[in-house]
Number of protein chains: 6
Amino acid sequence: MTAYTRTSRAADALREIRITPDFLPHADGSVLIECGNTKVICTASIDENVPPFLRGKGQGWVTAEYGMLPASTASRMRREAAAGKQSGRTQEIQRLIGRSLRAVVDLESLGERQILIDCDVIQADGGTRTASITGAFVALQMAVDKLLAADMLLHNPVREAVAAVSAGVVGGVPLLDLDYPEDSGCESDVNMVMTASGKIIEIQGTAEGAPFSMEELGELVRLGQKGVAELVQHQQQALASAAAASEQ
Amino acid sequence: MTAYTRTSRAADALREIRITPDFLPHADGSVLIECGNTKVICTASIDENVPPFLRGKGQGWVTAEYGMLPASTASRMRREAAAGKQSGRTQEIQRLIGRSLRAVVDLESLGERQILIDCDVIQADGGTRTASITGAFVALQMAVDKLLAADMLLHNPVREAVAAVSAGVVGGVPLLDLDYPEDSGCESDVNMVMTASGKIIEIQGTAEGAPFSMEELGELVRLGQKGVAELVQHQQQALASAAAASEQ
Amino acid sequence: MTAYTRTSRAADALREIRITPDFLPHADGSVLIECGNTKVICTASIDENVPPFLRGKGQGWVTAEYGMLPASTASRMRREAAAGKQSGRTQEIQRLIGRSLRAVVDLESLGERQILIDCDVIQADGGTRTASITGAFVALQMAVDKLLAADMLLHNPVREAVAAVSAGVVGGVPLLDLDYPEDSGCESDVNMVMTASGKIIEIQGTAEGAPFSMEELGELVRLGQKGVAELVQHQQQALASAAAASEQ
Amino acid sequence: MTAYTRTSRAADALREIRITPDFLPHADGSVLIECGNTKVICTASIDENVPPFLRGKGQGWVTAEYGMLPASTASRMRREAAAGKQSGRTQEIQRLIGRSLRAVVDLESLGERQILIDCDVIQADGGTRTASITGAFVALQMAVDKLLAADMLLHNPVREAVAAVSAGVVGGVPLLDLDYPEDSGCESDVNMVMTASGKIIEIQGTAEGAPFSMEELGELVRLGQKGVAELVQHQQQALASAAAASEQ
Amino acid sequence: MTAYTRTSRAADALREIRITPDFLPHADGSVLIECGNTKVICTASIDENVPPFLRGKGQGWVTAEYGMLPASTASRMRREAAAGKQSGRTQEIQRLIGRSLRAVVDLESLGERQILIDCDVIQADGGTRTASITGAFVALQMAVDKLLAADMLLHNPVREAVAAVSAGVVGGVPLLDLDYPEDSGCESDVNMVMTASGKIIEIQGTAEGAPFSMEELGELVRLGQKGVAELVQHQQQALASAAAASEQ
Amino acid sequence: MTAYTRTSRAADALREIRITPDFLPHADGSVLIECGNTKVICTASIDENVPPFLRGKGQGWVTAEYGMLPASTASRMRREAAAGKQSGRTQEIQRLIGRSLRAVVDLESLGERQILIDCDVIQADGGTRTASITGAFVALQMAVDKLLAADMLLHNPVREAVAAVSAGVVGGVPLLDLDYPEDSGCESDVNMVMTASGKIIEIQGTAEGAPFSMEELGELVRLGQKGVAELVQHQQQALASAAAASEQ
């Protein structure tokens, strides 16, 4: 293992972030989120029914599905619809997205309705699950804003923003927001889902190369907090621009 | 049934067509094709293996898969990967795309390799299967050009361009290139896949409302020929612009 | 490509047609249809429920399923039930059969009930989808006649007969009703579903070998019209014989 | 439970048996077997490959698949290919057919090839599994005779004939060869697969109503032996007639 | 075939039987049954709903599922949940277990509730299906006793005990309760499900090597009756010990 | 939320741990691990083949499957084999087990063979995934010891022990090793997979109730380190006892 020097940006810098709201106008909320070369379409669709296990319980639900276009990766992936099932990885990621969003939504205030999130990766260069969460929050908030504007909701059930980012140790150096080559070669990798106020909703750390210490974990979490704070600002700008557009 | 007057464009006019090449750079060929509000990502991926039934036969293969993002339609569709199978409609369309492209490719000249086409609809407003074929041809030709440039092919195995369009009778009026509201209300609907030289590769006509006569069929085919001729020009421009970009 | 001369019958002749009504007495309507060596059992089963998407809409439904016995083809096919799914071809054909029959039935007059068509090929020699449609219409009409006889329907909801046939160009010669060897070697192939009055319900043309012109299409459609007119006569005879048998 | 008197035939009589050889000429062996109103198409297809677990073991294999047309039963059954899987009952039956046939074939003499049996019920009135076995044996022997005639086999690997029949107690009376109404109302039901020499290959007895004694079992087995002896004669006649036809 | 002498126990002796009640306390009834080295966990779970086909019919239901741990067999088996379906053998066995238990339960007295039996083999050494039935009866009776103790049932709906055992001919010698090596080498094999009163509920005999006669069948059934009588005593002891424990 | 006081054991105490080696003698390594009322059978099976993606790469593989008996939980779970697929949760857990074990194995030293781990929960009371990892390591080491004893491996490819435990905040109190009632009511929950030397292999923290801070995460990790150190001692004792048994 040789020491790694990231040349394109600082060790604690995010890739270039771009969030384009209203990317798919058929959905109730939608964005294209680009984190460097990772590009994900995130949409939110309001369904005035809840899943069977919640009927009559006086609360709503938020759930998510995740997919990748076959040509989103460097070598073409098999299409899951053709294979006839979603991979374990896909299911893991979509469960994570749903859990992360539900953690910031007051499901009782949402009322007996469901918001379905779809995250479809059109280009993958590392960090698709964290980009999905960051983008999905914006789509979710746009759908909620639509319900508020239509007086179908009286209060915003979203407690605070949530965003996600990775950090990892590559060649002995802790780095924020790994791209695919960095992620493939890292010693350890932590995905963090955090709130705007800097608290942890979900943390998943894996020793890809060598087991890591509590100190290393601490350092990666601090990088993550810095990254999430910046992502939350991008989210707010996208929501402000979406609100401005819808008022016209 | 009341007579229908199309106000946005002439009865024999295509919707606005835009073909953006190199939309997904991981693929060997790719475009975003927009036909009005219908938007499809088409990619071509070269695989240096052929499917089992062709091994050792000295010829290549072209095949296609088709999908729609759940939020591409006005009310969200179920995700086929989650449902665990592709619908009959999806299979019908992807078989049509594959057949249409193979009809203009000399599979022996292609050599023992396969070109896999993916057509993923990100926004649907009628005519997704015809837009897929028109876009897929460009992606296919780009992948072939890459093989030619790399001296992996000595001759272009593509005999001529292929494009597709619909025409239908709405409110008694024959119209070219139906959008979704027109398609939903039409009496009859013909999808045509044709060559640059105006010959028919595939024609599929359906009486949605009332059976139609041979004369009506003839009129719709003439509209289709006009539309395909224009689409082929859009394809050539996109290919020229892709070639210019790759030479830089 | 050498010119082809059909020796067994005229270029514009159907194969020998035999329609045996009441072939499977458990069904509400049934026939064995034989078109040369192609043999299909077609049945119609009345179900006094409609599918979920039509409940309470005040209309009925007609739908179809298609299958082939594994030993119906020259080399044994895999059994779809064992494979765990229906092929794309099977789904395409059963969707076509259902659409073709619905085009001649007034679904509101049918009332909130469903007629389920099953077409099972026991021997295949080309043209199984068109034979299925021709035979299925007879089974459907028999089931409707049973509802009329039982006063469960007051008016016949069937507007007119529907039948189907193929035509294609083989060795440069346009031929009606291709058998399997002709179908395998043809340049182009058109399946036509038409009404007793000679109008088109569904037309599907494919360039198997070379793209074809509008003129060739016209010639094949004229052959199809001749064939369908004869098939409708066979249907009427079978229905008359079934009616005579049920009155005894 | 009231005593039952069978009026149509004697308590120890088979239903009317008809075995039509060469029913599906594409197969290597085929019959239509009719046992009263139960009708099954049985075919045998030779495959010059063995399944993977037998490759290079110097022996052959015989296996079977079973299916029912949806309209074969009094109320339409769901099509297994559409349901996406074979029922437990179907799998049980096809495993039984395969086991029964393998019991009379010397698999080493068969050589490294496989004979695939298909039993497709076109009309069901009780006893479809036993009719399938009885008919399948004839189809199997026809396929073997074809291999012998082509000098692909030097010796007949079939040791003796096998046939199957049911017997059961209905209203206290032991009866041979139950039809569907008898089978539905019986107290106990035994399916027997036996050789031409009267030995047991497979016996499956079930107390549908009340547990039964060893004496009752003995009585049912004796009925079964009588039935199988008669069925073997029908098989021999069918084989003789098939042989005569193939010599012409 | 050489004559076989069983050295570990008499030809008409069962393997060592141990039935441990309350093995999985979450279930309403449970045992670990050990028949020599074959070990099966059998549980009964009460469900106060009946399956759809019995709703409102005023009767209950008993059904069973069967599985094997992948490492229960000498060489690891594929996990059925990972394979995505239960094998034909599994389905056959679980249908047999359910049928056997229903034969001794008065389903009307059980009321509109269902008892779900699970039989999970943790170690396999022959006779897993018969051990499952013998153990499942004890679990079922424990669940029923719980309903009786809670006054949810007024009368015991179980008519009498049921147990199961195999017998087979190995090297010409009839043996009771075959272990795996004996079962693999036997000429014929009969599984018997019988009541405490010695009557037959289900009998399944298979000629693994050579067809067998009615006399051999009789001898095997007599061995089975002896075995079942002993198994019923083990069941009664386990139930007595479970009752004693629950009274404390 | 009221403060919670754990009465049965100290806040930083594990539940009672019992590891019984050689529980399923058919496997190459096996244990029953009991953590309080959570009981898991863990087995390791050696396969002298590697999965296709590793063929010829000169390295081995360790992979895992996880399942729960339907009656392992307080209310019966659906059997995954009957449902036809493994849930997302199951796939997540078995991927975690496999990753955790591979992190301590030098796959090149293992040689071109695979060790398949099966973790089957027979009783569930919280912490089934962590118990599975802790038990699976013992089974894996037993299988490796068997390879070493047979001279099929020259060096131990296992770098160090790995074990796993959960910790969480319940009613404001950080607790080690949550049982099911604690896990259901906790505010946050961290699963930790660590090495004998106290380093982190995998950490998964989820805010079930409220987002948590870096300080809380640190406290939970310290509890986890204490728990894992004790678990590693239990593993060593079990391995010592297994080694003693195999030497006899």
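Cβ atoms here come from the backbone N, Cα and C positions, even for glycine.
Features as listed in TrEMBL:
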- D:14-143: domain 'Exoribonuclease phosphorolytic' (DOMAIN)
- D:R89, D:G127, D:T128, D:R129: phosphate binding site (BINDING)
- D:162-227: domain 'Exoribonuclease phosphorolytic' (DOMAIN)
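Feature map: annotations from TrEMBL on the structure.
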residue	record	Cβ within 10 Å
D:R89	phosphate binding site	14
D:G127	phosphate binding site	26
D:T128	phosphate binding site	21
D:R129	phosphate binding site	24
Cβ within 8 Å of the mean position of the Cβ atoms of D:R89, D:G127, D:T128, D:R129: remaining residues of the chain near phosphate: D:I93, D:V121, D:A124, D:G126, D:T130, D:A131, D:S132
Helix, strand and coil totals (DSSP H, G, I; E, B; other) for the domain 'Exoribonuclease phosphorolytic' (D:162-227): 20 helix, 30 strand, 16 coil
Residue counts (helix, strand, coil, in that order) that DSSP gives for the domain 'Exoribonuclease phosphorolytic' (D:14-143): 45 helix, 41 strand, 44 coil
Average model confidence [pLDDT] within the domain 'Exoribonuclease phosphorolytic' (D:162-227): 94
